[in-house]
Amino acid sequence: MMQVLLVTICLAVFPYHGSSIILESGNVNDYEVVYPQKVTAMPKEAVKQPEQKYEDAMQYKFEVNGEPVLLHLEKNKDLFSEDYSETHYSPDGREITTKPLVQDHCYYHGHIQNDAHSSASISACNGLKGHFKLRGEMYLIEPLKLSDSEAHAVYKYENVEKEDEALKMCGVTQTNWESDEPIKKASLLVATSERNRYFNPYSYVELIITVDHSMVTKYKNDLTAIRTWVFELVNTINEIFKYLYIRVPLVGLEIWKNRDLINVTSAANVTLDLFGEWRKSYLLPRKIHDNSQLLTAIDLNGLTIGMAYVSTMCQSKYSVGVVQDHSKINLRVAVTMAHEIGHNLGLTHDGVYCTCGGYSCIMSAVLGDQPSKYFSNCSYNQYRRFLTEHNPECIINPPLRTDIVSPPACGNELLERGEECDCGSPENCRDPCCDAASCKLHSWVECESGKCCNQCRFKRAGTECRPARDECDKAEQCTGRSANCPVDEFHENGRPCLHNFGYCYNGKCPIMYHQCHALFGQNVTGVQDSCFQYNRLGVYYAYCRKENGRKIPCAPKDEKCGRLYCSYKSPGNQIPCLPYYIPSDENKGMVDHGTKCGDGKVCSNGQCVDLNIAY
């Protein structure tokens, strides 16, 4: 049994309030200073392991607004995979890869005692730094850089001055053709054994974060500061995704120390495409992982602070996102990265029917003044559909763990160091691949599980393991050399589909009728081309794109790439040109990226362009 040291922090002196101060998170107008003093309380059965620097569990006691609080913390043991590595590049381009010891780290999750809705994400590396939610309000805590090293500042998130007044938005505009209307609760209770395979135990998104050269410049070549910033990001991302039963272990950190390895520009869509190609060609063959996010300090175009592909988790090129390091507050950047990973997991922007209990939700198209750490009801339902429809195998396998430190015991049904399997006692073992006496696989075993594994042996090469979902998707076949079905691939973008009504885009065939059907239901019919002339107006709902908050009217050749219009017909009601427009989510109801707008032409960023330009 893992032994735990409990640590209690009490106040050495009374806290006091300050009116204004400049902290790492920015200018803070109202803050509280506390002086924690560490007092250890050792239960008789708890003995700290001598090689361990940071405890597995801790408690911190301090006051907030005169109210005593007890903060319980537990080490986030899913923060790193066992094979975590870091790579940077020499001036002549050579890869320099190290495997730092990260098992005994200082990043924690927690909660406030007697507050069931509280949460916390804290770094205890040098004092306490992070955030916690208390009585429904978000607080930040950080050490003060004073001669008295015990001083900490505690302040409400709302008391941090805004860095600027501009809205900050995700650059994703494509919808997934699914309605955001509430799904009956009963449907959430229907779970087949196949679905249960994904929800219990946790899913794992093995993540590599790539830091570009602009970040190195921003942090003045301080790689330690970059590592700390990234670790805090991933710690918070894990706290966010736990509500979806997803763990996000960091398997690697790439730092482009001397120069960028792709052309990183402010055009988010271009950078995203180039990063996806680099990941597929160079990063994935070198390091197995499920998803990679590019973190950049470059100011992305317009109001965009992030962009990612939708429903592409586990795909070699498209399981990526681009995130701007847009704030001094780590939480805001973490929420942005969680949002983009959410897109990869099949989540689209929340609509008017979506809620997460009164907060601005993770998948809101606009980052709120107080960023939420919660997913909406729509996101939960979309994620479940993504799992059952796409079968993303890569997130099923757990990463190598770093937290099993007790001696292995064969027969306890726990996979521990030195064991290849553990199916329990020989009398109870039901695993034909495992020798229960030795906890080793039988010598003839080729595999244990996977879509290309049957009775502990690889399925024959050519056996279909993932059928094509539609004419834009490819069927995958077993190789005869692996238990895993090959990476999900689809036909090239621009391939004609649906009897030439559309062109393939990222494995789907986007056409206007399908988008209208998803937005308005079955009472829609084909729309008249004349309706799209409204998009030439450049008014509040009818336009092609936005630049610096200004709505740009469509040129005549681009009018089919702005607001979508649908022909709606029901008993006693006929609307020939019905737009879908919601002020809170103006991007929803725009014509999807990749939709056909003419022969050999598709919509791309609000313009009707030739296929060879778009793809």
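Glycine too: its Cβ is placed from the backbone N, Cα and C atoms.
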Requested in this report: Name the cysteine that pairs with CYS434 in a disulphide bond per Swiss-Prot, restricting the answer to CYS421, CYS452, CYS453.
Outcome: CYS421
Report summary line: Going by Swiss-Prot, the cysteine from CYS361, CYS378 that pairs with CYS356 in a disulfide is CYS361
Report task. Would you mind sorting out which of CYS423, CYS433, CYS447, CYS544, CYS561, CYS608 (the disulfide-bonded residues) have a C-alpha within 10 A of the one on LEU414 (Ca(2+) 2 binding site)? Result -> CYS423
Query raised in the report: Between CYS378, CYS394, CYS447, CYS544, CYS603, which of the recorded positions has the fewest other CB atoms within 10 angstroms in the structure shown?
Result: CYS447
Query raised in the report: Closest of the binding-site residues to CYS544 (disulfide bond), Cα to Cα, picking from GLU206, ASP290, CYS394, ASN412, GLU419?
Result: ASP290
Query raised in the report: Looking only at CYS433, CYS561, which of these disulfide-bonded residues has the biggest number of Cβ atoms within 10 Å around its Cβ?
Result: CYS561
Query raised in the report: Per DSSP, ASP422 (Ca(2+) 2 binding site) is which: helix, strand or coil?
Result: coil
Query - Spatial neighbours of CYS314 (disulfide bond) among the recorded positions ASP290, CYS394, CYS497 [C-alpha, 10 Å] - result: ASP290, CYS394
